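Peer 1: This is the structure I want to talk about, given as structure tokens.
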């Protein structure tokens, strides 16, 4: 029997423990049922028995059957949680949550930018400023990658940028160490760029959605997220660049130059300008959310409306959007809703509260970040965030009641821990994309990736002490 099936059977056995505790009266029935769903989902995500998005659908389905009890079955009435059964619409709402719509809009924005060649346009405008020195060309490539990854999928960004630098890789000698710096630098920059905005990566969307849904919407906006995350991104990006150059220096006297052909179809220049206008208008609206009051999820419909109305995005483009990722994110939001409605969040928070008080809040932040970093090294960062973020909020509420800043820090710390794990090819899709090209070993990636994760932990804890 394959190891993953053995692991999943073990997960099922572990998942049966909370219902047993409920049976003997140690925990409420609704809490035992919720943790059964939680642990089954964890086993499915970790061992990948079924696709990740299928697990998300299973979560929503299970929560409706158990906590909504649409069939009005007598034996399920004990699982209603505090008060009356939760209406099915509460769990189904995760599929159309504002954060899911926000991500959908960002996918449409990214697809439009790629279609008209914004990536090549940006590279041609920016790279010349970095000259021909290998170390500065690498910095330029990493900056462009991180900038694109702020607004579109880090996986797509890594694929695009590796395709763009492929001519450069072909020119470099196979024994040239600097090849490794380029091949590893691009996925690392894509990963780091992904932490900078709420739409940069699925863990961000999950964290953003849970904060909004649990009443912290007034304390976290698109601009606030960037204010917190972009300084961290910049420090880690320069640290990664420095460590890559130390680990894989270029041969003395090597010079590099890159120039890309732009799309030359009829009307392509007008389309490029139109998409750039739509892109900049959307970003401006996101950043000024606190002034005009329109939620980020509603703003995300603007590029979708604009680019479908004027033919930039066609039916085939819409079908090719990453719908599975949207469903995966929705599963994480539904998990958070279930933990709240079942009372499992309060129970778990009280359990942690008995072991730790306000004085241990810094250590709890470090533990959540470290668990996210460790788990995400070996499994999907989206699955990791789906598991950690819903648990972080009740813990924060009971450790430091009424402290909105700490709740945001703990949730962001969990999401960042999941995003900053990049020491192995399996840690993130961008890493896997780069590793598939070949030209470096796993230990080469780990050499710098482990340092980035540890530096991220230090910076997050320092940020807690500062604010």
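Quick reminder: no glycine exception, Cβ is built from N, Cα and C everywhere.
Pulled the feature table from TrEMBL, pasting it below:
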| type | residues | note |
| --- | --- | --- |
| TRANSMEM | 7-27 | transmembrane segment |
| TRANSMEM | 33-66 | transmembrane segment |
| DOMAIN | 44-397 | domain 'Citrate transporter-like' |
| TRANSMEM | 87-110 | transmembrane segment |
| TRANSMEM | 136-169 | transmembrane segment |
| TRANSMEM | 181-199 | transmembrane segment |
| TRANSMEM | 219-244 | transmembrane segment |
| TRANSMEM | 272-288 | transmembrane segment |
| TRANSMEM | 294-313 | transmembrane segment |
| TRANSMEM | 325-349 | transmembrane segment |
| TRANSMEM | 361-379 | transmembrane segment |
| TRANSMEM | 384-400 | transmembrane segment |
| TRANSMEM | 406-427 | transmembrane segment |
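Where in this structure would I find these features, and how exposed are they?
Peer 2: Below 8 angstroms of C-beta separation, residues 33-36, 39-40, 42-44, 46-47, 49, 347 of the same chain, each at least six residues beyond the ends of the transmembrane segment (7-27), sit close to that stretch.
Listed by sequence, the residues of this chain that lie at least six past the ends of the transmembrane segment (33-66) yet keep a Cβ under 8 A from its Cβ atoms are 4-5, 7-8, 10-12, 14-16, 18-19, 22, 76, 79, 86, 88, 91-92, 94-95, 324-325, 327-332, 334-335, 337-339, 342-344, 379-380, 382-383, 386-387.
Residues 60, 63-64, 67-68, 70, 151-153, 156, 198-199, 202, 205-206, 208-209, 212-213, 278-279, 282, 295-304, 307-308, 313, 318, 321-322, 325-327, 329-331, 333-334, 337-338, 341 of the same chain lie 6+ residues outside the transmembrane segment (87-110) yet bring a C-beta within less than 8 angstroms of a C-beta in it.
Through the fold, the transmembrane segment (219-244) approaches residues 138-139, 142-143, 146, 181, 184-185, 188-189, 192-193, 195-198, 204, 208, 211-212, 286-290, 296, 404-405, 408, 412, 416, 420, 447-448, 451-452, 455-456, 459-460, 463 of its own chain, all at least 6 residues removed from its boundaries and within a Cβ separation under 8 Å.
Using a Cβ-Cβ cut-off under 8 Å and counting only residues 6 or more beyond its ends in the same chain, the transmembrane segment (272-288) has close neighbours at 105, 109, 112-113, 115-118, 121, 151, 197, 222-223, 226, 262-263, 294, 296, 299-300, 302-303, 306-307, 310, 312.
Same-chain residues lying 6 or more positions outside the transmembrane segment (294-313) and placing a CB less than 8 Å from one of its CB atoms are 97-106, 108-109, 111-112, 115-116, 198-199, 221-222, 271, 274-275, 278-279, 281-282, 285-286.
Residues of the same chain lying 6 or more positions beyond the ends of the transmembrane segment (325-349) and with a Cβ under 8 Å from any Cβ of it are 27-28, 30-31, 33-35, 37-38, 41, 52-53, 55-57, 59-60, 63, 67, 79, 81-82, 86, 90-91, 93-95, 97, 99-100, 103-104, 107, 153, 202, 205-206, 209-210, 213-214, 382-383, 385-387, 389-391, 393-395, 397-399.
Within the chain carrying the transmembrane segment (384-400), a Cβ under 8 angstroms from the stretch's Cβ atoms is held by residues 38, 41-42, 45, 56, 202-203, 206-207, 210-211, 214, 328, 331-332, 335-336, 339-340, 345-346, 348-350, 352-353, 356-358, 360-361, 364, 368, 371-372, 375-376, 406-407, 409-411, 413-415, 417-418, 421, all 6 or more beyond its ends.
Away from its own ends, the transmembrane segment (406-427) comes close to residues 187-188, 191-192, 194-195, 201, 203-204, 206-207, 210-211, 216, 219-220, 225, 228-229, 232, 236, 361, 364-365, 368-378, 381-382, 384-385, 388-389, 392-393, 395-397, 399-400, 434-435, 442, 445-446, 449-450, 452-453, 456-457, 460, 463-464, 467 of its chain (Cβ-Cβ under 8 Å, at least six residues beyond either end).
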Peer 1: Mind checking which residues of the chain, 6+ beyond the ends of the transmembrane segment (136-169), have their Cβ under 8 Å from one of its Cβ atoms?
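Peer 2: For the transmembrane segment (136-169), the far contacts come to 106-107, 109-110, 113-114, 119-120, 122-123, 126-127, 129-130, 178-179, 181-183, 185-194, 196-197, 199-201, 233, 237, 240-241, 244-245, 256, 258, 260, 279, 283, 322, 325, 428-430, 433-434, 437, 439.
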